[in-house]
Each structure stands twice: as C-alpha cells, then as structure tokens.
Amino acid sequence: MLLWIAVWVLAQLMEYTAHASVWFPASGLTYAALLIIGSSAILPILLCAVIVTFVTCIQYGLPLDLPQVIQAGLLFGAAHILPYWLSVQLFIWIARIGRLSTPGLIIVYIINTGVASLCTTLLVIYSLVFSNMMQPSEISQTWLAFWIGDYAGVLILAPLFAALLSQQINNKRFLLKSYLSPNQTKPSEFYYCKLMLVTLLVIFTTILNQSTQQQESAFVIFLLVLPHMWIACTESALFNMLSLTFSCMIIALFVNVLGLNEYVLIYQFAIIIVAANALFGVAVPALMADNEKLQAIITTDALTQAASRQHFMQQAERAVNRSLTDNAPLSLIMFDMDNFKKVNDTFGHSAGDRALQNVCRVAQLSLRPTDLLGRFGGDEFVALLPESTIKDAQHIAQRILTSVNEAEIAPGHPIHCSFGIAQLRSDQNFTELFNLADAALYKAKQKGRNTIVNAEHSNAA
C-alpha cells in the first residue's frame, strides 16, 4: 500500500494539468501486483484509491463530504482495477495456452496493456465526472493525455515492478524468468555512460524545445530510441527497465520544470515508442542465450562433451587449410577403446557411458588448449593437433595411453586404448589425413592393442 501511494505521489508531483501527468506509475504497480500476486492485491489497491481520492479532494478543494469521498474513492478504485484485472487474466491465459516466445509475448503485452489502459482511462474519467470531481467539459481535453500517461506507466513500470515483486513473493501466479534473459545482477561497464547519453539527449531536446517554442524541435526526443536500443541489446531485462524508468522520470521532470505542457503529447508518444522498441530489445539477450545453447547442442557431443562429429569436421577442414596456407605442421590422433563391447555386455550400457566419459575426460587433460577432441561415434575419438609434428602427436598419444591405463575408467574392468597418428602432408586434404590415421589405428589393433602406430608418410619424424 505504501509503495502504491508513493508512486501515486510521484505522478502528482509531475502533473502538468489536473488529473494528467506525463506518466502514471501507479498503473504499472497495479498491473504488476495483479499479475504476480493476483486477486489478493485488489483490496489493498482499493483502499489506496480511497486514500488518494481523499487527498485529491483536499488538494483541489472539492466540496465533498466524507461519504461522498469514500464513494468516489471506491468508484475510482473499481474503475482503475477492473480493466487491468481482466487484462492480466487474458495475458496469463494467452501466455499459458499460446506457448508464445518472448517476442510474441511482448507483442501481446503491448497491445493488451494499450487496450486495458484506454478502458481504464474512460472508466476513471467517467467515475470522476459521476463523483463531481471533474467537469464533463474537461473530458475531451483530458482523455488522450490521461490514456497515454496510464499506458506509459503500465508499459514501462509493470515489468519492473513485476520483477521486484517476484523476488519477494514465493507463490507467484506468473513466472517471468522463462521469458527473460539470463540473470544479470550488475550493469555492464558502460551502463552509466549510456544513461548519461540519455540524460544529455533529454536535456538538449527539452531546452531546444523551450527556447524555440516550435513543435518540430520536440520531435528530437524520438532519438532516444537509439541509446535505449543499445541498452536493450547489451543489458539484462532488469537494467533495460531501470533505464526506461529513468528516462521517463527525467522527461516528466524537464517537461514540468520548463513548462512544455503544449508539447506534452509528443513526449508521451515518444516514451511509448521508445519503450515498445526497448521491450523488443529485451528478447535479444534471451535469443542470444538460446542460440548459444543451440550452438552447444550442435557442436558438442551430449554424452562426453567432446566436439560432435559435424563440428569437428568443420573445424578440421579450416585447420587443414590454414596449415597448408601457412606451411605449418598439423597432426591427427585417432583412438578407440579396446574391447569396449565387453564393458557394455558385462556391466551394462550405463557403465559403458561412464567409461566413455572418463576416457574423454582423461584425454582432454592430456591435450593442449589449442587442440580439439571430437567423438566420431561409439568409442572412437579423434584429436586435431594444430602446429604439431608427428613427434608431438606421439608424445601426446603416449600421455593419453598412460593416463588411461593408470585411471580407473570402468571399475572392475581394465580399459586400454589403441592409437593411430598421422601428420598432414602438403599434397593432402583432411579426408586423406583422416584415412592415414584410421589405417594406423587399424594396424595398432592388429599389433595387439594398447599401442600407438605412426602412419607411413614422407613427413614422418
């Protein structure tokens, strides 16, 4: 209740005419409370509506007695709450049934809150007229600014308040986390520089507008789209919303201080456009995170976390081309587990999977950061060694062989590996190098397993 009254007072301080502010933050808090807390928030908001109605009557010197004030407050509260409550129910239903992505949900949110704030505006205005707190002649002059102010409050502050309430409420009706980017508890290094840019742009625009008194100069405020898209694409959803809140506050402040009431609709529409663009920007970090996860799935073997066959082949082709261009050595190690089928047959596939994971882990520890280990299927692994001669490959393969022999790969069953190694020649491509290493691995198997065989080629050390 105290928070709702506090944000209402904030709007009152920024009023440029009776019943109208550049934005109405209380609308955002109402929407967020109904979204996260649910129907339990209705009574506290209704009581707040009665309290602020009483304050408004005193502020404007309205000749209403106590029962009339209470009636007016209840009417205002009902008119304020009902459209947002219905809007929240629709939003939650669409989110749950529609299975929308973050951009899709943002479109629904922008349209949904726009319609809800318009309905709220009309109901509240007519409740004020019915309660003799507003003259019917004022409706045509007030409704548009009233609506845009409410819309700005919901569009910008509801996500911020919802995020804050989500941290405090355990039994949440709607989970924001699945639609937002990964948690970011601190702003980026240049976050405050971005806010400074926003501040300077607002100050420049409002002073230019005040000095020229021309409507055209007010449209410079739409350039706020640029820094806010920068913020939206580089900061988390939380800091994106904080920056929008900050922009709206300083716009409302300078419009009020500089007496730009004549141009206030331009600033209000600019706030709406900037906020809508920034909200779509919220989806960018989430989409990037999803792309990274998808990239990891494509490039990584799910069981062993080695490179997938497709990713390994792509990287190997590039490494071979670089090696041939730079005339630098490059070697390949192929190895597999000896008698791996016995592990599966004796101990089961789960034990076999653990053995594969352990062999991969041991091999990774023996490789350098520049090397790439891939799983080619079953128990077969390939290691790509840039800037490595056949002698280097021999040493690395020996390290892996020794480590596997010493490690407890499959408890109760000793595991060994056979290795084939080859170095790239200037007249070869990756496929030919691969076949050489594969042939060397086959010879290692013929020699009795648990050994290393060098491929026969002209560059062998």
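Just so it is clear, glycine is given a Cβ too, placed from its N, Cα and C backbone atoms.
Residues annotated as transmembrane segment in TrEMBL: 30-62 (among others). Cβ atoms under 8 Å from those of the transmembrane segment (30-62) belong to residues 1, 4-5, 8, 12, 18, 69-70, 72-74, 76-78, 80-81, 84-85, 87-88, 91-92, 113, 116, 132-133, 154, 157-162, 164-166, 169, 172-174 of the same chain, restricted to positions at least 6 beyond its ends.
The transmembrane segment annotation in TrEMBL covers 74-94 (among others).
Residues 19, 27, 31, 64, 68, 71-72, 75-76, 78-80, 82-84, 86-87, 90-91, 94-95, 98, 100, 139, 142-143, 146-147, 150-151, 153-155, 158, 276, 279-280, 282-283 of the same chain lie 6+ residues outside the transmembrane segment (106-131) yet bring a C-beta within less than 8 angstroms of a C-beta in it. Marked as transmembrane segment by TrEMBL: 106-131 (among others).
Among the features that TrEMBL reports, transmembrane segment is placed at 143-169 (among others).
For 189-209 (among others), the entry in TrEMBL reads transmembrane segment. When Cβ-Cβ distances below 8 Å are used as the criterion, the transmembrane segment (189-209) is approached by residues 217-218, 220-221, 223-224, 227-228, 230-231, 234-235, 239, 243, 246-247, 250-251, 254-255, 258, 260, 263 of the same chain, each at least six residues removed from its ends.
Residues or ranges marked as transmembrane segment by TrEMBL: 238-258 (among others). Beyond its flanks by at least six residues, the transmembrane segment (238-258) meets 14-16, 21-23, 152, 156-157, 159-160, 163, 184, 187-188, 191, 194-195, 198-199, 202-203, 206-207, 209-210, 221, 224, 228, 231-232, 264, 267, 270-271, 274-275, 278, 281-282 of its own chain at Cβ-Cβ distances under 8 Å.
Listed by sequence, the residues of this chain that lie at least six past the ends of the transmembrane segment (265-288) yet keep a Cβ under 8 A from its Cβ atoms are 22-23, 101-103, 106, 109-110, 144-145, 148-149, 151-152, 155-156, 159, 179-182, 215, 218-219, 221-222, 224-225, 228-229, 231-233, 235-237, 240, 243-244, 247-248, 251, 255. Residues or ranges marked as transmembrane segment in TrEMBL: 265-288 (among others).
Residues or ranges marked as domain 'GGDEF' in TrEMBL: 328-457. Confidence over the domain 'GGDEF' (328-457), given as mean pLDDT on the 0 to 100 scale, stands at 88.
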